[in-house]
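Written out below as C-alpha cells is the structure these notes cover.
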Amino acid sequence: MNIFIVVLLCLTGVAIAEQCGRQAGGKLCPNNLCCSQWGWCGSTDEYCSPDHNCQSNCKDSGEGVGGGSASNVLATYHLYNSQDHGWDLNAASAYCSTWDANKPYSWRSKYGWTAFCGPVGAHGQSSCGKCLSVTNTGTGAKTTVRIVDQCSNGGLDLDVNVFRQLDTDGKGYERGHITVNYQFVDCGDSFNPLFSVMKSSVIN
C-alpha cells in the first residue's frame, strides 16, 4: 500500500510540473516543449500542431519574424481610441511611447493597437512595435495589430476598435473577451530604396 502511495505522489508531481498555458496561468513548457490545448507539455503533433490547438511553442512558430505563435489566448479590450488622439502614443500613455512615440504618423497609424502579455514572444521593450496576426477562434475574423503597450491578463489587450473588428458575432463584447490565436508577422515597415525608385519610375 505504501509503495502505491509513493508512486501516485511521484506521478502527480511529474504531471503538475508539466502543466502549461492557460491552465497554468500562462506558464511555458521547459526545454522549448509544446503546450497542448489541454495544458500539458510534449513534443508530438498532439502537443505541437496548431490543428490540435497547440497553445505555445507550436511547430509553425514563425520564428523567422522574431516571436512565435500561440493558440487559444484570452484577448480583452482597452479604450485607447487611437484615432481620437491622432495616433499619439504619449496621449494614450502607452508603455512603448518611450521608444516609439516619435515614429512617423504612417507607422503609428498603419495597424490597430494592442497591449501584449501573451504566453509566447518577447515582453517589455523588445516587443514594442512588433506586429501580430490575430484570429478570433470563434468566428475566423482576422486582423493585424501593432504592439504598443504591456498588459497583465496573460494574452492581448486590444484597442476597442480592433476588438470590435474581430468580434463579428458580438459574443466577445457580452463576455468581455474573445479567444484568439496570434502569430508574430512582418509589419512591412522596412524601407526599400530600390522598390521606391522602381515604383516612382513606373508612375512617371
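Just so it is clear, glycine is given a Cβ too, placed from its N, Cα and C backbone atoms.
Residues annotated as signal peptide in Swiss-Prot: 1-17.
Residues 68-74, 118-120, 154-155, 181, 183 of the same chain, all 6+ positions outside the domain 'Chitin-binding type-1' (18-60), place their C-beta atoms under 8 angstroms from a C-beta of that stretch. Taken from Swiss-Prot, the feature domain 'Chitin-binding type-1' applies to 18-60.
For C20-C35 (among others), the entry in Swiss-Prot reads disulfide bond. Under the DSSP three-state reduction, C20 (disulfide bond) is assigned to coil, being neither helix nor strand. Of all Cβ atoms in the protein chains displayed, 27 besides its own lie within 10 Å of the Cβ of C20 (disulfide bond).
Taken from Swiss-Prot, the feature disulfide bond covers C29-C41 (among others). Residue environment of C29 (disulfide bond) contains 24 other Cβ atoms, counted within 10 Å of its Cβ in all protein chains.
The Cβ neighbour count for C34 (disulfide bond), using a 10 Å radius and every protein chain shown, is 25. If you look up Swiss-Prot, you'll see C34-C48 (among others) marked as disulfide bond, on the strength of experimental evidence.
The disulfide bond annotation in Swiss-Prot covers C54-C58 (among others) and rests on experimental evidence. Around C54 (disulfide bond), a 10 Å sphere centred on its CB holds 27 further CB atoms from the protein chains shown.
Per Swiss-Prot, the feature domain 'Barwin' maps to 68-189.
What Swiss-Prot lists as disulfide bond is C96-C128 (among others), and the listing cites sequence analysis. A 10 Å cutoff on Cβ-Cβ distances gives C128 (disulfide bond) a total of 22 other Cβ atoms nearby, all chains included.
Residues or ranges marked as disulfide bond in Swiss-Prot (evidence: sequence analysis): C117-C151 (among others). For C151 (disulfide bond), the number of other Cβ atoms no farther than 10 Å from its own Cβ, over all displayed protein chains, is 19. DSSP gives C151 (disulfide bond) a coil state; it is part of no helix or strand.
C187 (disulfide bond) falls within neither a helix nor a strand when secondary structure is assigned with DSSP, and so counts as coil. Taking the Cβ of C187 (disulfide bond) as centre and 10 Å as the limit, one finds 17 other Cβ atoms among all the protein chains shown. Among the features that Swiss-Prot reports, disulfide bond is placed at C131-C187 (among others).
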For C34 (disulfide bond), the one of C58, C96, C117, C128, C187 that lies nearest, given that the disulfide-bonded residues are compared by Cα: C58
Intrachain C-beta neighbours of C96 (disulfide bond), sequence separation six or more, cut-off 8 angstroms: L89, Q125, C128, G129, I147, V148, D149
Length of the line joining the Cα atoms of C131 (disulfide bond) and C41 (disulfide bond), in Å: 27
Candidate nearest C187 (disulfide bond) in space, where candidates are the disulfide-bonded residues C20, C41, C54, C151 and distance is Cα-Cα: C151
Residue, out of the disulfide-bonded residues C35, C117, C131, whose Cβ gathers the largest set of other Cβ atoms within 10 Å: C35
